[in-house]
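Student: Annotations per TrEMBL:
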type: TRANSMEM; residues: 12-30; note: transmembrane segment
type: DOMAIN; residues: 103-196; note: domain 'T2SS protein K first SAM-like'
type: DOMAIN; residues: 201-250; note: domain 'T2SS protein K second SAM-like'
Amino acid sequence: MSNLEKSDGFVLVNALVLLAAMSAVAVLLLSRAEHGRARIAAAQTSEILRDNLDAFDALGRVVLNRDQLSGSSDSAQDAWADTVDTVSLAHGTVSGKISDQQGLFNVNWLADPDDTLAQDGFDALTANLGISPAVVDSIVAYVSRDGPTNAAAYRALTPPMAPLGGVAFTLSQLDTMPDVSGDDLAPLKPFITMLPPSTRLNVNTAPERVLRAMLPQMSDSQVLRVLRQRADEPFVTLKDFFEFTNLDTDLEQNPQAVDAGRFDVGSSWFQAETTATFEARTARRTTLFRRSAAPTGTQVFWRVSHFGNH
């Protein structure tokens with residue numbers, strides 16, 4: 001083979017190597033471009049879902065503010081309690097429901113060891129639901145001032161935790177308790193909430209089980225009468241409620257009387273559960289609203305969003 005032929009062969013090999021390298025680079029660039037477009041599309045979809053969730057939050061604030069104009073009582077007959085079925089927006093859909101959190105048992109009441117009404121009420125509620133004493137003790141310990149005593153079990157979690165005790169912010173915090181499963185908590189969660197300890201119970205919206213637990217002075221017939229009455233015509237004032245039930249509220253004369261200061265007919269705390277969809281993706285959000293008198297009105301206290309696929 002001549003030197004010229006060898007040179008031509010060498011050049012051809014180099015050209016092939018260079019072409020292969022350029023092809024690899026092109027494939028890499030195209031792949032990165034495609035990934036970039038996918039990331040941009042995903043970000044745009046997430047933004048649309050977030051806007052749809054925000055739209056429901058905005059609607060909730062408007063409805064709750066408008067509801068205040070009709071009076072200080074809150075019940076399941078109010079407009080805010082209506083479920084919003086799937087509504088088509090400019091991009092995607094949204095659906096949701098607002099619930100009164102002051103109709104539920106406030107677990108943060110248990111943070112005060114001297115609150116015997118809360119302690120007895122929680123015992124009655126959990127016994128009625130068939131919750132095991134061990135689970136009850138774990139919940140009470142979680143919000144106690146000193147926190148849980150099984151600190152080692154929390155440190156063994158992944159990631160490790162160091163619960164401080166005291167008032168909690170969300171029910172999801174209870175999911176971190178070791179030795180307590182989601183199945184253990186499932187029957188209880190529809191009846192409990194996490195609100196400031198000073199919050200009162202709304203007798204217009206409290207489920208029957210919560211009413212019985214927090215008002216043990218009421219007989220079965222009284223409870224049924226209350227449920228029927230508020231379904232037809234909710235109590236406008238707390239005085240109306242106690243006159244209707246004929247419950248004794250004079251604690252000075254009767255230590256077994258009802259502490260009227262623990263109850264109300266209106267609410268300041270509401271929670272929205274919202275679902276938004278766009279194309280093949282779904283997002284969900286839980287929002288806690290705090291409603292104050294005008295001009296402050298209803299504000300978002302906290303919200304947690306989760307984005308995923310259908």
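Just so you know, glycine gets a Cβ as well, placed from its N, Cα and C.
Those TrEMBL annotations? Automatic predictions, nothing curated.
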Student: Which residue counts does DSSP yield for the domain 'T2SS protein K first SAM-like' (103-196) in the helix, strand and coil classes, in that order?
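Tutor: Helix (H, G, I), strand (E, B), coil: 49 helix, 4 strand, 41 coil.
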Student: Can you count helix, strand and coil residues in the domain 'T2SS protein K second SAM-like' (201-250) using DSSP?
Tutor: 28 helix, 2 strand, 20 coil
